[in-house]
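Q: Please see the structure below; I have some questions.
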Amino acid sequence: MGLRCILILCLFSSCGAVYKQGDNVTLFVNKVGPYHNPQETYHYYTLPVCRPEKVHHKSLSLGEVLDGDRMAESLYHIRFRENVEKKTLCQLTLSEKQVDQLREAIEELYYFEFVLDEIPIWGFVGYIEESGFLPHSHKVGLWSHLDFNIEYNGNSVIFANVSVKDVKPVPLEEGAGAAVGGVGLGGGSLTITHTYSVHWFESPLPHARRAERLRDYSFFPKTLEIHWLSIINSLVLVVLLLGFVIIILMRVLKNDFARYNVEEEGGCDDLDQGDNGWKIIHTDVFRFPPYKSLLCAVLGVGAQFLTLATGIIVMALLGMFNVHRHGAINSAAIVLYALTSCVSGYVSCSFYTQINGQRWVWNIILTSSLFSAPLFLTWSVVNSIHWWSGSTQALPATTVLLLLGAWVLVGFPLTVIGGIVGKNRAGNFQAPCRTRNIPRQIPTQPWYKRTAVHMAIGGFLPFSAISVELYYIFATVWGREHYTLYGILLCVYAILLSVGACISVALTYFLLSGEDYRWWWRSVLSTGSTGVFIFVYSVFYYRNRSSMSGLVQSTEFFGYSLLTALVFSLMLGSVSFWASLAFIRYIYHSLKMD
């Protein structure tokens, strides 16, 4: 039992390697890319740099591949606790084209990422200096020497970084022109000698806490400071909102029940004599909506993503995602998505059968493709652009086949199995009142009860509840931060669902009070419109909160932002529908009818 626990902890955290004096510590080169475009990355060896004759790649996990990692062994020879002073790595003779390639990379602020004992090491490829106005000078230099500073505790590596302090960059002039500082030049080519140093420092930090050292490192800008005042302000606003909705709604319902239940005589058909409001449409409120299969598919996939999101947050709270495990959340999300497909099939087909749906096979197919089809289409476009640009974000064919196999062999079959079980276990639809054959005419509704107005109100309020935390999430997904505020995320997640449910109930009551019984799709759309606000926020974030640019980064950002908005719409649409259905059953069951 103890060994099993150790293996599980090593899988989701960072066990690290154990070294002895003089043992080889492998340094892997990984990727390079523009500093402001986190998702535009290329293999390190695409640049004209020192590389072995035969490149040996490290075996990567699925999450690491999805994260764009392409680790390969380097020429750096690092031994545990052995210092090295200005050792020659290699000598390169660069052509004019290769010099121009380096100049372009440096001017686009390319940074590199190495990995040593699961610890990422970042640094810039070169140096840019702008000086003077008249005359203006623009200098581009290449860092040809790197100082590796490695911290250790006992027999473990704690932290590592790279420094270019007191190092003079090699100037790169236009073309393969003049070079200075001992750099050979001839025949339109440029000869550069790459060197490195290694310095070991003892650290008091134990290996179990080395993740804290990485979080404190500041190569990338720190933006995820906890703004407690903003979070508390959001919590207070949400509590006041929920209290207002619940108290007002309960008082109104109390008055409605007192008025409608005065006359206890007569059957269900007599209740609409001389009355108005939501009571008069009791014979139509449970009339099944159009597009049953699509509605049930939305509810099923929404329930699946609710299960998936809850599972990810719980796993994060249990400490299963460590900053040293590249792509651990990506791997967990893919596995959970495949396994929770049975939830979408069960919920969708069960409710579809309850509302007298006949084409249950088509319902299962629609449920399984409602999210997977947009995902595949978006990924195809994004991956094609990455492949065209040579980015490491383009998935290898083996990974594509693995993901396709996971959906074909696990996701889709579980959807079918869940749908069959849901169909066989579905009972009758529970309605307090019977439904007439002829639908009642719906009176003309004022402008403030129209669908667009309800969508604006129902979408904005849940969005306002998560707007603060949404910035942190965007800075993590589209930036370089490590998200660690999982406890706060759980609170915000619960608040989001609570606000969505309460707003949906309130809007449904106002709709029924106007004698409009078309609440089925309205309840889904009212709160599901939060996804629209999230996508609008993503546009704002791209333009005003980030420095991202270019076709590659923009396509990925907006493509996956659309998918994120779709996920939120499905989740909140499902929550709001079930909340409205429970509310409607409650109020009509509370009427005294024979």
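Every residue gets a Cβ built from N, Cα and C, even glycine.
From TrEMBL, here are the annotated features:
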type	residues	note
SIGNAL	1-17	signal peptide
TRANSMEM	228-250	transmembrane segment
TRANSMEM	294-321	transmembrane segment
TRANSMEM	327-348	transmembrane segment
TRANSMEM	360-382	transmembrane segment
TRANSMEM	394-421	transmembrane segment
TRANSMEM	452-474	transmembrane segment
TRANSMEM	486-512	transmembrane segment
TRANSMEM	519-542	transmembrane segment
TRANSMEM	562-588	transmembrane segment
Q: Contact between the transmembrane segment (519-542) and the transmembrane segment (452-474) is defined here as three or more C-beta pairs under 8 Å separated by at least 6 residues; is that satisfied?
A: yes
Q: Verify whether three or more Cβ pairs under 8 angstroms connect the transmembrane segment (327-348) with the transmembrane segment (394-421), leaving out any pair fewer than 6 apart in sequence.
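A: As far as Cβ distances go (cut-off 8 Å, pairs 6 or more apart), the transmembrane segment (394-421) and the transmembrane segment (327-348) touch.
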Q: At a threshold of under 8 Å on Cβ distances, which of 327-348, 360-382, 486-512, 519-542, 562-588 pairs most often with the transmembrane segment (294-321)?
A: 327-348
Q: Pairs of Cβ atoms less than 8 Å apart decide it: which stretch in 486-512, 519-542, 562-588 has the most with the transmembrane segment (360-382)?
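A: Selected stretch: 562-588, with the most Cβ pairs under 8 Å.
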